[in-house]
Structures are given as C-alpha cells and as structure tokens.
C-alpha cells in the first residue's frame, strides 16, 4: 500500500458523531504518550495531521482520518493509562474506547502500540487480551525503537512477547517515527486489514 492522501474527517465522543460507516476502518490504540500521533503522521507522510503533544492524556476524542480518498479510515483512539487524569475521565475514556471497538461494524483491525523501552503495562495486557477475546485482527507495534540499541531491542522484544503474551498469529513490528523503521511492514498489514471480511463482534458474543 502507498498512501498518497490523508485528510482529517471528524472528532467524536460517541457513535452519534462517527462517520457513516461505509468505509473500512483501522483503529490505533495505546497508552498515553506512546507515540500514536507521531506514528500516524509518519505512516501518512503528513507531519501535522494527527496532533502531537508532550502532555500525556491530551487526546480526549476519537479522531477519524480519510486515507487515499475513501480507501479507508484511520481511527485515533484516546490514550489510556495516564494516572493524572481524574478517575471519572479515565472511566469515560475507557467506555468510549471499548464502545467503539465493540460496536463499530466497519472495524477491520487494530494497531496496538506499546513503548519499546518498557515492559507492557497492565492496561496494555488488558487491551491485548480484550482484542483476542473478541477475535479482532490485531498487530502489535513497538514504538520509539530508535531510542534503543540493537541489543537492547532484542531483549525488549523478548520481554514484550512474553509479557503480553503475544499470540503466534500476531506480528510484532518495531517502529520509529524518527527514522521510518517499520513503516513499510505496517503499511502491508494495514492493506491486509482493509481487505478482510468484517468483524461481527455481536455474533461472537
């Protein structure tokens, strides 16, 4: 896949604000400050498309981006796990994220971002288990690998795979928004996602 166009569509807090749902969607999810916006910008070759912030917990909306003139939508979900956000807000975000992932019929796959420098958090593990439980096509992307040496990444790769634990059917892609490492691999996965059949979560339940 080659991305030649990317445009912001809308922001939403509930299904009433979502786009119509006539295009395949791929969602990006991860804890606060994991580098989600930077990854999206790198993948679509647009520096300011997804708003980046040095303040964790800043993204409070579900943001939709149209890719390649209606080929599919990228969906940027709010970051989870930021302790300084009030409890009621964290609960609201959790319901917002789960509601989208569970109810969105045009969802084709999820990109779960994990900071390559750290052991997956309890929230990371919970999200991964949830996606597995509902059989949502998933790829795990380890961000900020440019901060690690090759030896450090080799060790962290093993830690991440063991901690989740990573299913054999799921890939772990090392990614750097600085160098572009992992971009082509991720684009290939996105292409595979949007050509899959739909996910019927209601039927699974």
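The backbone N, Cα and C atoms fix where each Cβ goes, and this holds for glycine too.
Feature annotation from Swiss-Prot assigns domain 'EngB-type G' to 22-196; the stated evidence is sequence analysis.
Secondary structure at residue 36 (GTP binding site), as computed by DSSP, is helix. Residues or ranges marked as GTP binding site in Swiss-Prot (evidence: sequence analysis): 30-37, 57-61, 76-79, 143-146, 175-177.
Just so you know, the Cβ of residue 37 (Mg(2+) binding site) picks up 22 other Cβ atoms within 10 Å once every protein chain is counted. What Swiss-Prot records for 37, 59 is Mg(2+) binding site, and it gives sequence analysis as the kind of evidence.
Cβ neighbour count within 10 Å across all protein chains ranks 36 highest among the binding-site residues 36, 144. Long-range C-beta contacts of residue 61 (GTP binding site), restricted to its own chain and to partners at least six residues apart, with a cutoff below 8 Å, comprise 11, 12, 13, 78. A gap of 13 Å separates the Cα atoms of residue 175 (GTP binding site) and residue 37 (Mg(2+) binding site).
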